[in-house]
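Peer 1: Marked as compositional bias 'Polar residues' by TrEMBL: 395-417, 424-433. According to TrEMBL, the feature region 'Disordered' maps to 395-470. What TrEMBL records for 41-61, 73-97, 134-154, 174-196, 217-243, 279-303 is transmembrane segment.
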Amino acid sequence: YQKACSPWLRQCSSVGSISLPNVMSEWWCFQVICWRAVASMAWSVLLLLPTTALFVVLSRISLFHPILWISECLSLLTSTSAIFSFILLCGVVLLVGFFNLEYYTVVPSIACSKIALLGQVLHPRQFVHSLVHCIMGVVVAWCCAFTIGGRYRSLGHPCTQDESSGPEMCLNEYHLVLLLVGAFIGYSHSLVGVVYNMNYVSFHTMQQYKYLRFKGALPLVVKASAVQALYCLRNFLVLYFFMGYAPRAWICRTLDLNINCSIHSLDSVSSLLDLSLLYHLWISGTFLLLTWYITVLLFRIFVTEVYSFPVQSTFTEDAHQCLPKVITGMQPMILKFLALQDLALLSQHSPSRRLEVFSLSQPGGHPHIWTALSKECLSLLSDLTERLVTHHDTVATNGRAKSQSTGSNKRSTTSSEMFLRSSGLRTPLTTPFTPDRDSPFSSPALRRLTGPLEPQGPLSPGFSSIQSPHVMRRGPKLWSASTGEGQPRGHICFLTHCRLSLQLPEASSQSLFADSQLHIWALQGLSHLVAASFSEDQYGIVQTTLPTILSTMLVLQEAVDRHFKLPHTSSKPGHCSCGMGDDSYKTLRFALRSSLKTAVYRITTTFGGHLQ
């Protein structure tokens, strides 16, 4: 158990030595992350037994001799060799579970260009991942070959090349092809994991029991395994048709095996179209992917299970486990996700825990819990606003860095002025929506967007024509004549065109909102707590920060609206694939926009005229 959790212990200890006590790191890694990972691995091993039995039945199917078929399956499942194969499969499943624990992430890694995606595929860490999965694929394929038996049972078989010589060992190409299919599917599984973010773990908005989640997702897992195995088999057959001689010759030379000339090789059209061969290759690939996908699914279900943090602790030594400490600390990212998820659920469904949030410290009478929670939520929202404003400025200048001059402060103020003009506002935000710029809740983005405005003329250095809706329809300019350098040269145009052609259009927008599940929970938690404080806050501590909360949400609303008006930014969510690759991150920006509008509406309808 400690060996399996040692990588997380090293990570957590390195983080804890900077900002958290080591006791919190050990508590979190042992009692939450590693315990959930070990539980998912245990269930994967338990489910491997019925999955293996099903594979044995389907691989030895014989509809015309049902009694013989059933008796052979039962004798095989109770044999010593089958037990040895099952032990090997258990080891593979445990290793897959370890890789899930080592490589998972709650914030997807989104490549904004094809070159960046290629860099992820060729990364040394990914190379190790692919190599290990190839080896595991070969091990699973060997177990499948032994289970199927017959012509797939061994790599070599006795043969006679001519009458004068004695029996020799020849290569069994059927066994070799099955092993190569396992290696190919293992590598494909690793490659698909990078391209489609297979290691990304998302949190479901609808809370369900683990059994119900597994039961609902199992048909999709079976379908994804069968379809993916079919595609991998197609690609492998094409590759083996053109390059099958290379591994066959290398195996024969390495193991000193001969090639039986009386049997046609499998790198021909007639041999590869053998229906029995195709069926056994496909059912073996489906079994391999099914066992791995079930391990991935169980890990996702267990690691994203809701965890209820105590709002406040009675003893000092347990203070690091409380929600305010966890949500504001520097810890593994999944801990922050679980804490904000608990805050969102607390604010909606737990009146007793909400009273603890609205309580005052004794002695002193300070709202430490509310201050810590609201400050962290507002900081998350302000950071997202800052990212969106920076991205918009970069797109407006087409990726060129702004020149540093004495008028940089004026240009910064002008961008704020353009931000307000784009929404139709001609004056700064007024009370009660004007935040305190010296408040600890304010951020650089908030100060920048709500700072004093200075009039700018059309000839001023900071003035930009992006305010015009006609310019917005044309898209950003690649070159500007105001730089004083004249027209670009041919090779610069060519390099710019190549750079733009390698960009993935939606990826930059998706990467901005990759961690927006945090912001969605922060919006839900804040808005529900503020709405509940109208009748539950006995001391009025929430109303003191209500202007800052509304201001932060409205400024973020303006930034989100501007982002959706940018070119190459889709205004509607796309269709998600049905495979095991979780692409729910592609719709996070739309969920954030909806949650933001709902949060503002919830607060304003609750307080109504009292906002004046």
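Here the Cβ of each residue, glycine as well, is placed from N, Cα and C on the backbone.
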Peer 1: Are there three or more C-beta pairs under 8 angstroms joining the transmembrane segment (174-196) and the transmembrane segment (41-61), sequence spacing 6 or more?
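Peer 2: Counting Cβ pairs under 8 Å, fewer than 3, so no.
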Peer 1: Ranking 73-97, 134-154, 279-303 by Cβ pairs under 8 Å to the transmembrane segment (174-196), which is first?
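Peer 2: It is 134-154, which has the most Cβ pairs under 8 Å.
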Peer 1: Same chain only, please: residues at least 6 beyond the ends of the transmembrane segment (73-97) with a C-beta under 8 Å from a C-beta of the stretch. Say none if there are none.
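Peer 2: Cβ under 8 Å, 6 or more out: 37, 40-41, 44-45, 48-49, 52-53, 56-57, 60, 132, 136, 139-140, 142-143, 146-147, 149, 291-292, 295-296, 299.
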